[in-house]
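Colleague: Pasting the relevant annotations from Swiss-Prot:
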- Cys38, His61, Cys148: Zn(2+) 1 binding site (BINDING)
- Cys92, Cys95, Cys98, Cys106: Zn(2+) 2 binding site (BINDING)
- Gly172, Ile173, Gly174, Gly175, Leu176, Gly177, Asp195, Lys200, Val260, Gly261, Leu262, Arg331: NAD(+) binding site (BINDING)
Amino acid sequence: MKAAVVNEFKKALEIKEVERPKLEEGEVLVKIEACGVCHTDLHAAHGDWPIKPKLPLIPGHEGVGIVVEVAKGVKSIKVGDRVGIPWLYSACGECEYCLTGQETLCPHQLNGGYSVDGGYAEYCKAPADYVAKIPDNLDPVEVAPILCAGVTTYKALKVSGARPGEWVAIYGIGGLGHIALQYAKAMGLNVVAVDISDEKSKLAKDLGADIAINGLKEDPVKAIHDQVGGVHAAISVAVNKKAFEQAYQSVKRGGTLVVVGLPNADLPIPIFDTVLNGVSVKGSIVGTRKDMQEALDFAARGKVRPIVETAELEEINEVFERMEKGKINGRIVLKLKED
């Protein structure tokens, strides 16, 4: 089968023929129709995170396709089902985190396109218990980003504790942020969208933001406090330190900052203000299988629709170059050619 392979960190991916995965008990083989491209894939290719991925590696954790083979012991999935293979490839199912509904914190988890091969290939295998069933009315290209960007931002909004009618600020209206905005509106929240371009501000308003702020033209912290008295929750999906600091300062007393983006920086938090104002700071990463079902349900009901651009598998290195330069609006999805 054809795949895009990382053979060496910080080098171009190689498009090559590799052996089709062989199934073990409990696994399914998926013929990939589409696979979203995430910044995590770029980090995997660069090997620049503290925990390195395996080498050689086939990246991709937003793979969507049709099940073409099932192994012994598979009961919940059948040949012909359309499924997604997400970041949470598998977990142990036995630790305190798995047993308390926090399987994304499992220390023994495997991650698609990182610790195991992922969806930048014509075929990918995965444990049947951890693939996501894709609703019949969803297009594989459009639904691919829900497997990471979608469930990640949906989960962040859940853990923020913000309730319908309350205010949430979303810092960064890019690949994650434009999806987070749609989930927030679908959940009944009032949204302040913050970015640093008029183009992103217009996009935010088009997607339903109640207030859109260009952080290069006005101080978003002052604007938020002046207009709504501070937000009940702030979600930072940006990749620069300043946005995280502003997000923290935007939160009202008793509010919550949820950290999602991963800039290479520390987050300075004033202890006195945090204690006095009862502010909570939480980290949130992807979502559980239950979160995934819920995130997909919003998409199936037409409440969330990622902005996508398609590319071919052979164009992955060009896509990564654009990603590094910040030249991508929405999400790029690799569309695999049919036989």
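Including glycine, each Cβ sits where the backbone N, Cα and C put it.
Given the structure is predicted, the values throughout are model-derived calculations rather than measurements.
Looking at the shown structure, can you explain where the listed features end up?
Modeller: Taken residue by residue with DSSP, His61 (Zn(2+) 1 binding site) is part of neither helix nor strand, so it is coil.
In the three-state DSSP scheme, Cys92 (Zn(2+) 2 binding site) falls into the coil class. Cβ environment of Cys92 (Zn(2+) 2 binding site): Cys98, Cys106, His108, Gln109 lie under 8 Å away, each six or more residues apart in the same chain.
Neighbour count (other Cβ atoms within 10 Å of the Cβ, all protein chains): 22 for Gly174 (NAD(+) binding site).
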Colleague: By the DSSP assignment reduced to helix, strand and coil, which category contains Leu176 (NAD(+) binding site)?
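Modeller: DSSP call for Leu176 (NAD(+) binding site): coil, neither helix nor strand.
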Colleague: Please identify, from the binding-site residues Cys38, Cys106, Val260, the residue with the sparsest Cβ neighbourhood, meaning fewest other Cβ atoms within 10 angstroms.
Modeller: Cys106
Colleague: Between the Cα atoms of Gly172 (NAD(+) binding site) and Cys38 (Zn(2+) 1 binding site), what distance do you get, rounded to the nearest Å?
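Modeller: Between the Cα atoms of Gly172 (NAD(+) binding site) and Cys38 (Zn(2+) 1 binding site), the distance comes to 15 Å.
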Colleague: Given a separation of at least six residues and a C-beta threshold under 8 Å, show me what packs close to Asp195 (NAD(+) binding site) in the same chain.
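Modeller: The list for Asp195 (NAD(+) binding site) reads Tyr171, Gly172, Ile173, Gly174, Gly177, Ser201, Ala204, Ala212, Ile213, Asn214, Gly215, given in order along the sequence.
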Colleague: Only counting partners 6 or more residues apart, tell me which same-chain residues put their Cβ under 8 Å from the Cβ of His61 (Zn(2+) 1 binding site).
Modeller: Cys38, Thr40, Asp41, Ile85, Pro86, Trp87, Tyr89, Asn111, Gly112, Gly113, Tyr114, Gly118, Gly119, Leu147, Cys148
